[in-house]
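Trainee: Grabbed the feature section from TrEMBL, which reads as follows:
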| type | residues | note |
| --- | --- | --- |
| DOMAIN | 10-425 | domain 'Enolpyruvate transferase' |
| BINDING | Lys23, Ser24, Arg28, Ser168, Gln170, Asp316, Lys343 | 3-phosphoshikimate binding site |
| BINDING | Lys23, Gly95, Arg123, Gln170, Arg347, Arg390 | phosphoenolpyruvate binding site |
| ACT_SITE | Asp316 | active site, proton acceptor |
Amino acid sequence: MDQMEIKPRPHSLNGTIHVPGDKSISHRAIMLGSLAEGRTTVKRFLTGEDCLTTIKVFQSMGVPIEQNDDEVRIDGKGLHGLSESVTPLNLGNSGTTTRLLLGILAGTPNHYTLFGDPSLSKRPMNRVVDPLREMGALIDGREHGNLLPLSIRGQGLKPIHYRLPVNSAQVKSAILLAGLFANGTTTVMEPVKTRDHTERMLEAFGVKVKREGDLIHISGGQTLTGVDIEVPGDISSAAFFMCAAALKENSEITLKDVGLNPTRTGIVDVLNNMGVSMTINTTRHIGDEPVGDITVKGGPMHGTTLSGDLIPRLIDELPIIALVASRAEGKTIIKDAEELRYKETDRIQAVVDTLKQMGAKVEATKDGMIIEGSTNPLNGGTYSSYHDHRIGMMVAVASVVCEEKIILDNPSCISISYPNFFDHLDALSKPN
Ligand SMILES: O=C(O)C1=C[C@@H](OP(=O)(O)O)[C@@H](O)[C@H](O)C1
Ligand SMILES: C=C(OP(=O)(O)O)C(=O)O
């Protein structure tokens, strides 16, 4: 079995790194670039498995895409230029690719079959299938179209006015992308704001997106024009090292050129609330996305409560935040985060079981967890990544506060979002 030994890291973390490009933005660059007229270039593209899946899927629908390391060139086929794929589309492990793609295929009058790996095949798709059917797409699959494999036949769509029943940027984006193909104006209402990279990038491609309070309107039939995109560093990847540094006394690390879109910076707010010493410097905008440098120092921390509107702003960071909370003084309560149960694995259960095995005091609740912090050393041993990149990275970061070695099962899943994660961990935690 794929296993890795991770030795305890007794040294503080010091140094400067550039985390890889943002996963959400990299996916969207390929998708919008494929639907655009003309050429799109992408710099600092995330070469993680999920984003490579997005490239492969669009290539198999006839889009010329050339990838050289983290630079990508897409010769867009226009809104109606995707061809039928001879083979079923393999979505691997990527929820974002699957759900956003369904939005695009809903308006493409071809037939497609979509399948994924065992984890993706358990994740609910009815959250996008229901509104897309309402717009006119024909979709079927296991559990009446809730689970992959799915087949979809797109056609001319009618616009809808849709209130998001879950706080999900993937669902919002799928509907907005389908809205490009509808004969009229589609409106999405999001009661709680989620990441808005789709809206920002559509505007960069020349599409008019009207935002009015919690409503987002998009009119069908607009042309996307190819652009040059530079992807900011992924704050969800940066979070692992922000937390690693926070956990270890005398650490001081800087993460350069990280995306600071306010719909993604919940991690900064939480670490601030926990008393972590940090400086954030917004240095520039790349396109419409703010970018800057984050410096974090290690030291004592205290517990906090995470709930409500904050949750979508740090949804993917909750596993690593839970590890930090297990080392903070007092209690941390995470609630309103039931969505964690529908990720690559049930992340509430996976985090609670892992932290318990490490010796932490933590209990799962229906929509989150309650963590009682302590500074006792964590237990080493053999841990599962649950085939979930974010759980795997959480376990690896625990090595900075663990006095025994850790064996991590299936560490290779980490390349889903952070292919050079261990190089960065080694670089930051080497002896000074
Ligand atoms: O839109 C996106 O790029 C993403 C949205 C979030 O999922 P949900 O929309 O399901 O919350 C997040 O967890 C995922 O990693 C990426
Ligand atoms: C949930 C995630 O991704 P996706 O939904 O795209 O699989 C993630 O990256 O943590």
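Quick reminder: no glycine exception, Cβ is built from N, Cα and C everywhere.
TrEMBL annotations: computationally assigned, not manually curated.
Situate these features within the shown structure.
Mentor: The predicted model assigns the domain 'Enolpyruvate transferase' (10-425) a mean pLDDT of 98.
Of all the Cβ atoms in the protein chains shown, 25 others lie within 10 Å of the Cβ of Arg28 (3-phosphoshikimate binding site).
For the recorded site, Lys23 (3-phosphoshikimate binding site), the DSSP three-state label reads helix.
For Asp316 (3-phosphoshikimate binding site), the Cβ neighbour count at a 10 Å cut-off comes to 23, with all displayed protein chains included.
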Trainee: When a 10 Å sphere is centred on the Cβ of Arg123 (phosphoenolpyruvate binding site), how many other Cβ atoms does it contain?
Mentor: 19
Trainee: Looking only at Ser24, Ser168, Gln170, which of these binding-site residues has the biggest number of Cβ atoms within 10 Å around its Cβ?
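Mentor: It comes out as Ser24.
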Trainee: Least buried of the binding-site residues Lys23, Lys343, Arg390, going by other Cβ atoms within 10 Å?
Mentor: Lys343
Trainee: Taking only the Cα atoms, work out how far Arg390 (phosphoenolpyruvate binding site) lies from Gln170 (3-phosphoshikimate binding site), in Å, as a whole number.
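Mentor: Cα-Cα, rounded: 18 Å.
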Trainee: Among the binding-site residues Ser24, Arg28, Ser168, Gln170, Lys343, report those whose Cα falls within 10 Å of that of Arg123 (phosphoenolpyruvate binding site); none is a fine answer.
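Mentor: Near Arg123 (phosphoenolpyruvate binding site), where near means Cα within 10 Å, the binding-site residues are Lys343.
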Trainee: Where Lys23 (3-phosphoshikimate binding site) and Gly95 (phosphoenolpyruvate binding site) are concerned, what is their Cα separation in Å, rounded?
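Mentor: That comes out at 12 Å between the alpha carbons.
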